[in-house]
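Notes follow once the structure below has been shown.
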Amino acid sequence: MFQTLYSYFWWERLWLPANLTWADLEDRDGRVYAKASDLYITLPLAFLFLIVRHLFETYVATPLAGLLNVKEKIRLKATPNAVLEKFYAATTKHPKQADVEMLSKKSGCTVRQVERWFRRRRNQDRPSLLKKFREASWRFTFYLIAFIAGMAVIVDKPWFYDLREVWKGYPIQSMLPSQYWYYMIELSFYWSLLFSIASDVKRKDFKEQIIHHVATIILISFSWFANYIRAGTLIMALHDSSDYLLESAKMFNYAGWRNTCNNIFIVFAAVFIVTRLVILPFWIMHCTVVYPLDLYPAFFGYYFFNFMMVVLQSLHIFWAYLIIRMAQKFITGKVVEDERSDREETDNSEEEEEAAKNGPLSNGHPVLNNNHRKTD
């Protein structure tokens, strides 16, 4: 049964145009072609990325946070309460009013104390500012290096200037060593993001992030299997062109450099919109949808690849909507938070009580929290 499924999965008609077989893509005469087995290395490389990330965050990002004066403000902890903790862990972190009244009776606390306990308990679970800064620093470093490396890989290629060259001779297009490493590193990195997503900072677009990572991994892998490498390198470089700007804006945001953060974010928004909403759909997707049909009839792989591109583009539109909303607030000078962020909660009544006793209580949270992602 396994052999039958294996045969169906690698059936040439799924991956290649008519009248072509895998034998046409076997290495010969010094020409090397992409093979599915090449991607096996990306899984151990993904775990290597996780190790490098840990070392980077510990020995580079953490000292950098200290230099930039990234400080975590004090959070009041919820007092130990077995009844409330059990409900918090097993039922919900956001009890309804009826639940609050029921818990008040069970725990012996007032309704106001129960509400305050849940606010504090939720804040305890929220990631620290240092954790956010370290994540942003790691992604900024990777995306910047990946963008520079990606441009070095494609800038001297004819298909960078003429998209019809992407399909010239397809699929009998040999692979260059620079393309191999660009693919392996990018795919390994996205595997590492998927592996670490459960422990990374969670935002309101958590599900969209998972969809994005899975769609990206599928697209990169499929483009390698079907030898869509030229188109794949263009798409990856295009995505990396704005991501490092976003991560740098986050870093300055966490460091409290508000004006710098806002200015970088405006540049990021402009680059994101131009690359993801103009160049990608009207140049790159036009290249993958229209030009191949001049060379061969549509086949399953053609439909599948472009369907995944539509999924990715849908996420771009969703994130562009959030980015434009934030950019408008920046331009008008309004204080904003990341549209995707899980906002921290404050106990106003408690602060008033403390202020009456001891003066103003510094238990606030960063005013500006515009740490948007791809997006990412």
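Yeah, the Cβs are placed from backbone N, Cα and C, and that goes for glycine too.
TrEMBL entries are annotated by machine, without manual review.
What TrEMBL says about this protein:
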- 69-129: DNA-binding region (DNA_BIND)
- 131-332: domain 'TLC' (DOMAIN)
- 337-376: region 'Disordered' (REGION)
- 39-56: transmembrane segment (TRANSMEM)
- 140-160: transmembrane segment (TRANSMEM)
- 210-229: transmembrane segment (TRANSMEM)
- 264-284: transmembrane segment (TRANSMEM)
- 304-324: transmembrane segment (TRANSMEM)
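Look at the DNA-binding region (69-129): DSSP puts its residues at 36 helix, 0 strand, 25 coil. The average pLDDT for the domain 'TLC' (131-332) in the predicted structure is 92.
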